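Peer 1: Pasting in a structure now, in structure tokens, and then I'll have a few things to ask.
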Amino acid sequence: MHTSRRAVLTAAAAALTLSLTACSVDEGAGTSDPAGKRQITFLTFETPNLTPEYWNAAIKRIEKKYPDITVKKLVAPTTDRTAYAKQLLASGQFPDVMIAVAPTGLGDAGNLYAWQPDELGDFQVPDGGAIDGKVYQLPANTQSIPVVYYRKSMFKQAGISAPPRTYAQLLDASAKLRAKGIQPFVVGGGKDGFPTVLPLTGTVATDVYGKDPDWMVQRRAGKVKFTDADFVGALTKVRQLARRGYIDKKMVSLDYAATEQAFLKGKGAMYPMGCWFAAAGDKSAIKDDIGVFHWPTDDGSPLASGYTGGGLSVNARSQHLDAAKKFALAFQLDKSNLDNSVRSDALFPAVKGYTPPADTGPVFKETYDLWREASEQKATVKAFAWETGGDALLPGLDAKVHAAAQDVIIGRRTPEEAAAFLDTEWDKAS
Amino acid sequence: MATDAPARPAAPPKAPEQTAARGRGRRSRSHLGRFAVFGAPGLMVYACFVLAPVVVSVAYSLTNHNPFSPPTEFVGLRNFELLFRDEEFLQSLKVTVQLTAILVIVPNAAGLGIALLLDRKGWFYNAWRAVFFVPVVLSSVVVSLVWTRLLADDGVVNQALGRVGADPVGWLSDPGLALYSLAAIMAWQMLGFCVVVYLAGLQSVPGELLEAAAIDGAGVLARFRHVTWPLLAPALTINTVVLLITAFKAYDHIQVITNGGPGSGTTATVAFVILQTGFTANRQGYASAMALVMLVIVASAAALALKLLQRREVDL
């Protein structure tokens, strides 16, 4: 009887211990080994540009610099690393360091470390992506989103002598391409969603942010709505491109990698994408056939949209906060890493005194020069649905914007209906 | 001296019933102890990983919990009120019901047909059984990636159509077609499971019953209808309930193949919307309310299906 009671108690204690262990929340997944080496976890994501080899080499470089730190690489299952970071947070496995994770929601809730001004001294835009004055993501690079890559040979075949500068010229060029049997635009989406939104990011830049650069701040304050005429106008332009067949609605099922391949294989003449495409363009056999232009404005004045941010963030509750910060800053400022980010992902490092390597390809150089000229003319605005700071979309709204853009392209909603849908989703999220 | 002491009255002899009752009590305590020893760890794990999350979900569903926007406040039944006016949730319910209907009927019917064809002996039939079962053991993500490529605008399927002069079809980009493409992929993956379950059922049909029916003059169809089909009732129950639950939980295929699109929610199931709401929009209180509604629907549908199908088994 005693034996039985003891056994019951032992079993109950073991089960309770097991359950408590399983239910406990881990604050920062890092560990230390007896030799004093600190292991931190680092959330990355993979794309055709950012391969496993790219990440492994970049991590190894910093591990070599700091032998007391070892890094366990995590890879997000899709390009939506922000959603994955949130899942990890909810399950008590929030990584110590993460890259290009949108800090909105995560940072202001105290999950991310707020970088101090003295730690941001090497960055060109130290307050890039700030939320209520606090920077949770290193403002490491600038990305121009979108620019329109085009095939020079296809333009020539259609009798187009120069890339369009006005929206009317864009329509005219598209008509000429179509008349020659060439699909004007390659616009995908699929499981990645974001490739669909790039034409809309372009039209919002020219028709909305060009008139009011603080439009998203006004939206957050409830002073403007998606159903306002300018925003509906931006959606209408996208609808117009799809209705005329310039954007092929069948292509929206292509994911990001397949969309890029479609353009490189000549399935269309124009490819609205972020500047990171330049890396893939330069690696391709057709690099000399690729040109680039800004999404055209109505009056032909140059206007570029983009954002500065996209760097590493650190878990505020990391067990090895110092190691995580040290790794993040070193990763972000290491010259070899920066050069490789230019070569592999065509990023524009926003680090003081940095100049891109001289051996970059023609597509990168043209894209970089285009952004630099626009910056010098102060003709830049934020990239709609790509902002990450306090003037970004509300958490979760980017997926709704991708869906709304797809609805407009496939004709499932009118521009007015899509705008109303976004206002409804905004109200639900706020 | 002891002999001088008054003798203690002898204890009355124990009644046989009393002894038996004590014995039963000891045995029952001993059984309880053994049950506790062997059952407690499992029960604790079940309580921690199944019951506790349900209880936590119920609690969250009554709040506006958003881990990134504290404080969490009690909102009563407001989440449930909003849910039934939420266009996105209602659309996801519609999608889930459509997907479930296809997924319960198609693999069940096709699986039965294939099982009847393969219910023979020999290496040829064994090889075909393996062929049909392979998709079941593959990861849903792998299956989804393969089919995404096959059904792409310039994929193998459209190329084959092009060779016979047909126009390419927007299998995954046409909002009117994407859900059916998705259902077909899931049905294809679950087909092998149904085939195996029906084959097991067919092999348990006594040969003498079929022979007796044949001697009585029953043809192939009559033998199937009056002998085989009734005896396949347990297999039908298993397949139907498993397919029902699989369809209601559908998430991974959708995430990989369509991401809920094309457009807003054309292929988004309730499970997909719950995850999007909880982990992308961070509205975990609201997502918990959705999860509870889904739990009630799945449990009711599974219980109803079990009741109806098992009644058929009993009536044999």
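Glycine is treated like the rest: Cβ placed from N, Cα and C.
Keep in mind the model is a prediction, meaning the values are calculated, not measured.
Sharing the feature lines straight out of TrEMBL:
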type     : residues  : note
DOMAIN   : B:93-305  : domain 'ABC transmembrane type-1'
REGION   : B:1-27    : region 'Disordered'
TRANSMEM : B:35-60   : transmembrane segment
TRANSMEM : B:95-118  : transmembrane segment
TRANSMEM : B:130-152 : transmembrane segment
TRANSMEM : B:177-200 : transmembrane segment
TRANSMEM : B:231-251 : transmembrane segment
TRANSMEM : B:285-306 : transmembrane segment
Peer 1: Can you find at least 3 Cβ pairs under 8 Å between the transmembrane segment (B:35-60) and the transmembrane segment (B:231-251), where each pair is 6 or more residues apart in sequence?
Peer 2: no
Peer 1: Grab the same-chain neighbours of the transmembrane segment (B:130-152) for me: Cβ-Cβ under 8 Å, and only residues 6 or more beyond its ends, written as numbers and ranges.
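Peer 2: For the transmembrane segment (B:130-152), the sequence-distant neighbours (Cβ-Cβ under 8 Å, at least 6 residues beyond its ends) are 114, 118, 158, 171-172, 181, 185, 188-193, 195-196, 252-253, 256-257.
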Peer 1: What stretch of B:95-118, B:177-200, B:231-251 shows the most Cβ pairs under 8 Å to the transmembrane segment (B:285-306)?
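Peer 2: That would be B:231-251.
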